[in-house]
Amino acid sequence: MTASTIPRQIAIIGSGNIGTDLMIKVLRLSKTLEVGAMVGIDPDSDGLARANRLGVPTTSDGVDGLIRMPNFEAIDIVLDATSARAHAANYTALRRYRKRMIDLTPAAVGPFVVPAVNMGASLSADNVNMVTCGGQATIPIVAAISQVTPVAYAEIVASIASKSAGPGTRQNIDEFTETTAHAIEQVGGARKGKAIIILNPAEPPLIMRDTVLALIGPSDHDAVKGSIRAMVDAVAEYVPGYRLKQRIEIQPLDGLPVGTLTSEPVTHKVSVFLEVEGAAHYLPAYAGNLDIMTSAALRVAEAMAAQKLSGAVA
């Protein structure tokens, strides 16, 4: 096996729903990554039990346990699937060891990355942030509109099955809205962004649904729709269950109160309705909100590994 074919080792912090799904995705799908460690704090968690059964090295002593693992030096990339508060401590502990970090929490310590929009912009950073599930689903649409015409205001509503929201998601609700709103502006290109999350208690659970509302001025409506459709196709390359739920709507703002959400001159409202069905690698298909996060993080981790490999070869 040559250096160009040896998988790069990663560690996953957080043995909950997101961390476990990410582990299984890497094991099943990736040819360039290898799970060198699954890190948790609950020795009885299902994620650590599954990792043990699959032959993945584990520790239930958190980041301190990871640092003590015999293969720690060989780990190149650490993916953090804990919580916003925990990530700050994890980053502080690991930074001295020069490990690259992919943050799946709303902590937003490092620059935002949405693979279909700005993959190459931040890969050199030692810590990148995957925004939120709602951000990964909707920011590409805002960016697609921004590529054609300025977006004065963009609002997203992410509706996810309550059953798919674990303790970490529920603890991070405030950070979810703040981080997603900032990323709508910084990555999506909107002058003003707003984010809303809904935990839908319906039974049986419904798959993730997302609505994007954008206020724009005069523009080529066909070009806007074409840009959106192309972006949906780009996201679907790494999240196969990502799709338009219904036709794209562009309506004049005459008499619509949403026109008061911005002081800028706007003439039309763009409405985009999406749904995200999960791949059901570990979680049920309705948990598209978690699937889009782990799929996007896998995409970024593989890009980081490829970047490091190309640098080593050069």
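Backbone N, Cα and C atoms are what each Cβ position is placed from, and that goes for glycine too.
Here Swiss-Prot flags C133 as active site, acyl-thioester intermediate. Per Swiss-Prot, the feature NAD(+) binding site maps to S15, G16, N17, I18, S164, A165, G166, P167, G168, T169, R170, Q171, N172, N289.
Known features from Swiss-Prot, placed on the structure.
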residue : record                                   : DSSP class
S15     : NAD(+) binding site                      : coil
C133    : active site, acyl-thioester intermediate : helix
S164    : NAD(+) binding site                      : helix
R170    : NAD(+) binding site                      : helix
Cα-Cα distance linking the residue listed as 'active site, acyl-thioester intermediate' and N17 (NAD(+) binding site), given in Å to the nearest integer: 13
Chain-internal residues near S164 (NAD(+) binding site), provided their CB is under 8 angstroms and they sit 6+ positions away: N17, P205, M208, L283, P284, Y286, A287, N289, L290
Per-residue Cβ crowding (10 Å cut-off), top of binding-site residues G166, G168: G168
Rounded Cα separation (Å) that holds between G168 (NAD(+) binding site) and the residue listed as 'active site, acyl-thioester intermediate': 13
Largest inter-residue Cα distance among S15, G16, N17, I18, S164, A165, G166, P167, G168, T169, R170, Q171, N172, N289 [record-listed NAD(+) binders, Å]: 17
Residue among binding-site residues S15, N172 with least C-beta crowding, 10 angstrom cut-off: N172
Inter-residue C-alpha distance, G166 (NAD(+) binding site) and C133 (active site, acyl-thioester intermediate) (nearest angstrom): 13
